[in-house]
Amino acid sequence: MHVLAADIGGTKTLIALGRQERGRLHLDTPQRFESAAFPDFETLARTFLKHEGVDPARISSACLAIAGPVEGDAERQQARLTNLPWQLDSASLADSLGIARVVLINDFEGVAHSVDDLPASSLATLQAGEPDPAGPRLVVGAGTGLGVCAVCANGAGLLPGEGGHAGFSPTDAQQIRLWQFVTREEGRCTREHLLSGRGIARIAAFLQTEGHAPGPALAEAMAEGDPAAALSRFALRGDEPLARETLRLFVRLYGAQTGDLALSVLPTGGVYLAGGIAPRILPLLQNGDFIAAFCRKPPMSHLLARLPVKVINEPNAGLMGAARWALTSAKGESGSGQ
């Protein structure tokens, strides 16, 4: 028997079949679909199953990780994607697809479920800390937005949330000016306004009001495509002042806000940075600025210095976690906070 796993975002959907072999998760090669090309997930799933030649009756359970909040209870969940006109209902999908059980979880819940299946090669250590394998964990990730999910001690459950939409707390004069800059534009300044792809571009726009101008090559690259990707690429090269200062401030903000989140949970089992940005700027996260900002929380700095902090560089972590949840669900167990 197989399980079906999907990682559904506003831009793309990854979907794959999974199974357990000798106690280990095995995930088939994921298929990528452009989400907007389908009217709903049911149509996408049918397209995938037909392509794979799989009878839905042979799928014991399905888990869909959604980029957005999931509502409901253990028996039935509903979700609506922020950037896609899809509404998903787990019970309706189970009936229409002919799959015994369908479960919806938040996308960062999916990442949190993947941690135990990740090989050491998929993790980069920013701070070794003093890990407690049974302790709580925290998954934070900047990408399109800012995702947050806590894992209870001893794996007793997950606590998905929308912490990225909490207010940003500036810590110095420059950050106060940044907060004012964003608040004038957006009405308020949240963590996600700064710790996301759009946040990187927003920080660069702010720094330009402070006298930092892009060089011709950077200006052209930002105009041609994704400004955040261009800024990150030029920052890694190190020869473009605006890009360098933008990512330097971004990394410090990322560290400080992750430290604030860690104080709420004290994740002695580890802090895991997920999302698409961290792996791409890993050298900038490893230069010490992130951890310095993460730990600078007197009088609790000593506690934060003990927490392991790692970057997840596995692009399919959310899909792996959804498959793990589906396998657990198929056994009649629930490791989720749903």
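Backbone N, Cα and C define each Cβ position, glycine as well.
A coil conformation is recorded for T11 (ATP binding site) in the three-state DSSP classification, outside any helix or strand. Residues annotated as ATP binding site in TrEMBL: A6, D7, I8, G9, G10, T11.
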Which residue, out of the binding-site residues G9, G10, shows the minimum number of other Cβ atoms inside 10 Å of its Cβ in this structure?
G10
For A6 (ATP binding site), which residues in the same chain are close in space, meaning a Cβ under 8 Å from its Cβ, but six or more apart along the sequence?
T13, L14, I15, A16, F41, A45, A62, C63, L64, A65, L319, A322
Does DSSP put A6 (ATP binding site) in a helix, in a strand, or in coil?
strand
Residues close to ATP site centre defined by A6, D7, I8, G9, G10, T11, Cβ within 8 Å:
K12, T13, L14, S35, A65, I66, A67, L81, L84, D107
